[in-house]
Amino acid sequence: MAQENLSTITELVLVGFSNHPQVEIPLFFLFSGVYLVNLFGNTAIITLVVIDYCLQTPMYFFLCHLAFLNIFYTTAVVPKMLFNLLASKKVISYELCLAQTYISLLMGAAECIVLAIMALDRYVAICYPLRYLLIMNWSVCMQFAVGAWAISFFASVVPLYFTILPLCSPYIVDHIFCEVPVLLHMFCADTSLQETLMVIGASGTLLLPFLLITLSYLCILVAVMKMHSAEGRKKAFSVCSSHLTVVTIYYGTGMFTYMRPKSLYSAEGDKLISLFYAVINPALNPLIYSLRNKEVNGALKRVLERLSVSQRQMITILRCQ
C-alpha cells in the first residue's frame, strides 16, 4: 500500500451502510427521528435546569454537561451519516474525518468522567444528606466540571495529536463515522504504540471512572441496607436507577470498542455498536433521566403552566387594545 502525505489527502470513502443499499432510505428516516429526539430531549433538559430554580442542584448541573456532550457528539457524527445515506457518492473530507475522530474521543472520555462524578454526587447525597450541599457546593462542582473536561482533553486528544500516522491508500473508511479503532487499520506504519496508548487512555478515562462508579455504588448499597425505612430505601434506589441504567449501557459498548486489540475488529459488528453509543444512547439519556423523574416532570409542568399563563395574559392585553 502506498503511503501519502497527510496534506495531500482531500477525501475518503465512508462506506457506512452502502453494503446494504436496500436499508439506506429506512435508516435515514429512523436515524433522523432519533437525532431529533436527541436534540429536543437534551436541549429540553438544559433549558429546564437553566430556567427552573428547583433543578439548579449539583446533580442537574452535571446532567446538563452530559446533555451538552450528547448533543455535540451526535452533531459531529449524524448529519454527515444522514447525508451519505442519501448520496450516491459516499465520501467524507479528511479534515471532517479527523474532527470526528478527535470529537468522538474527547466526548467519550468526558462522558465517562462525568458519569463517575454523578455517581460520586449520588454517594454524597445518600450517605451524607445533611452535609450534601456543603460538600457539593458550587465551587466544588465547577472544579469537578473543569477537571473532567481538562482531563478528557489531555488524556485523549493530545496523545492522538502527537501519535497520528500517515494513511495508506485505498482511503476507505468501512464504518459509519471516523474514530480511533477504525483509523488504526488505515495507518501505514506499525500501530503498536497507538494501540498501547489507546488501551492506556481507555484505562484512565474508562476503567478508572468505572471503578469509582462501582466503589460509589457499593458504599451506597451498604448505606441503603442500613436504612430502617422501606420508603427511604425505595427512594434511594429510585434516585440511582436512572444513572445506573445509563452507566450500564454506555460502559458496555465503550469498553468493548476501546479496550480490545485491533485483531478483534469486525466492521459490521462495530458499526452496530458505534450506532448504539454514538447515536441511540445519547437520545435515550434524556428519556431515562426524565420519564421516571418526579423533579424533572414537575419542572416541566411548572414551565408549561408559566407559558400558559403568559399566553393568556398576552391574549388579554391584545383584546384590551
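Note that the numbers count up from 1, one per residue, in the order the chain is shown.
Cβ atoms here come from the backbone N, Cα and C positions, even for glycine.
Predicted, not measured: the structure shown is a model, and the values here were computed from it.
Here TrEMBL flags 27-51 (among others) as transmembrane segment.
Feature annotation from TrEMBL assigns domain 'G-protein coupled receptors family 1 profile' to 41-289. Predicted-model confidence for the domain 'G-protein coupled receptors family 1 profile' (41-289) is 84, expressed as mean pLDDT.
Among the features that TrEMBL reports, transmembrane segment is placed at 60-82 (among others). Remote same-chain residues near the transmembrane segment (60-82) are listed as 14, 16, 28, 31-32, 35, 38-39, 41-43, 45-46, 49-50, 92, 96, 99-100, 103-104, 107-108, 110-111, 114-115, 117-118, 121, 141, 144-145, 148, 176-177, 278-279, 282-283, 285-286, 289, 295 (criterion: CB distance under 8 Å, separation of at least six residues from the stretch ends).
Sequence annotations record features per position, and here TrEMBL assigns transmembrane segment to 102-120 (among others).
What TrEMBL records for 132-162 (among others) is transmembrane segment.
Annotation comment: TrEMBL describes 206-224 (among others) as transmembrane segment.
The feature transmembrane segment is assigned by TrEMBL to 236-252 (among others). Same-chain residues lying 6+ beyond the ends of the transmembrane segment (236-252) with a Cβ under 8 Å from its Cβ atoms: 111-112, 115, 118-119, 122, 125-126, 206, 210, 213, 217, 220, 223-224, 227, 276-277, 281, 284-285, 288-289, 292-293.
Among the features that TrEMBL reports, transmembrane segment is placed at 272-291 (among others).
Listed by sequence, the residues of this chain that lie at least six past the ends of the transmembrane segment (272-291) yet keep a Cβ under 8 A from its Cβ atoms are 31, 34-35, 37-38, 41-42, 44-45, 63, 66-67, 70-71, 73-74, 77-78, 81, 104, 108, 175-177, 179, 242, 245-246, 249-250, 253-254, 256-257, 297, 300.
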